[in-house]
Amino acid sequence: MTFGTIYSYPQNPRVAKALIAAQYTGVEIAQPEFAMGKENKTPEFTAKFPTGQVPAFENDKVQLFESNAIAHYVASQGESKLLGANAEEAAQVLQWLFYTSNQLEEHIGAWIYPILGFVAYDKTAHNKAVQGTKSALALLDKVLLKKTFLVGEHITLADIVVACTLVMPVKMVLAPEYLVANKNLARYLKTLYAQPQFKAVLGDVAFCTAETKYTPAKEAAKPAATEQPAEPAKKPKSKLELLPPSSFNLEEWKRFYSNNDTKPTAMNWFWEHFDAEGFSIWRVVYKYNDELTKVFMSSNLIGGFFARLERARKYAFGSLCVLGEDNKNEIEGYFVIRGQEIPEEVTDAADFESYSFTKVDNLADEKFREDLADAFAWEGKFNGKTFADAKVFK
């Protein structure tokens, strides 16, 4: 019998806290497909989970947000000692949960998110984040000098939360030389990640072989200075604004897509209103699919590409999907674009050259229409491949 349901996007390390706890307590947790950015913004979702954030949990007794609260609730089930064997250990477990939230999570996010393209890079903030993370981890390394686990002589929720919080850092930024210098922390993490309950959720956690560093986009060369500064050029009007009017309202489509079931409702609306003269549809494939590894990293590539397409937002709608699984996945999808050519608003994006855009000529082809619906809905099998994650540009 299912104990409850967690709503989130795939590969969310914060969800792993509760899922690993469930491995120890023996409860079953459902994880339905969830359209992040869409379902979490519905009135029904925010009525139950006011923050609109994930992970979110519910069963017939309670509705919870915040990953530590969800994990704590799951850990409280059954006869396990995940929350401590007595009142003193229970207090220590909470101590490490609060420590992780207050001393680690913010610094880790500020270190890693700019690398992934989620937020802008700032050198001062980066240095502060690295220092804050390593300072917090140094304390852990010291505590673990004479301890196998943080609380008592057995794994508790404290260990689960710390290990899940450090999954991204060990995969990306905690270089081998750092872990050699912090051998107690390294031993501790390797011990936890080797446990069958952890592996059932996280798989094999691959420690990075070198620190992943922020790489800024190359800037165009600045023109040589002149004695008299030229008057600022007027912002050129997009060539797309000069096209004949279209009966297909792209903004209306985006709203309808966001507020209705994709299949069949939204797709029926799409084909009833689509203007093949004013818009074109393009099959998009990442050129280096054979180099992709982790699903979350492929998803981050899509997010970075979309972030650089801001100029095209008024003229395009697209869905790019991660298909497959860790170490065997690819990025494919479709874009709907104003006009019959790929405009400079798209081609100027820094990552454009990493993707191939192929125009769909036979829009009446049933197989193409099925693929398009699957790509927009993130369900079914896209060209026979399963969905691992997806993002919509709108």
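Using N, Cα and C of the backbone, Cβ positions are placed for all residues, glycine too.
TrEMBL labels come from automatic prediction, so no person has curated them.
What TrEMBL annotates here:
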type	residues	note
COMPBIAS	218-231	compositional bias 'Low complexity'
DOMAIN	2-82	domain 'GST N-terminal'
DOMAIN	86-224	domain 'GST C-terminal'
DOMAIN	236-394	domain 'EF-1-gamma C-terminal'
REGION	218-239	region 'Disordered'
PLDDT averaged over every residue in the domain 'EF-1-gamma C-terminal' (236-394): 90
Within the domain 'GST C-terminal' (86-224), how many residues are helix, strand or coil going by DSSP? 93 helix, 0 strand, 46 coil
Secondary structure split (DSSP) over the domain 'GST N-terminal' (2-82) reads 31 helix, 15 strand, 35 coil
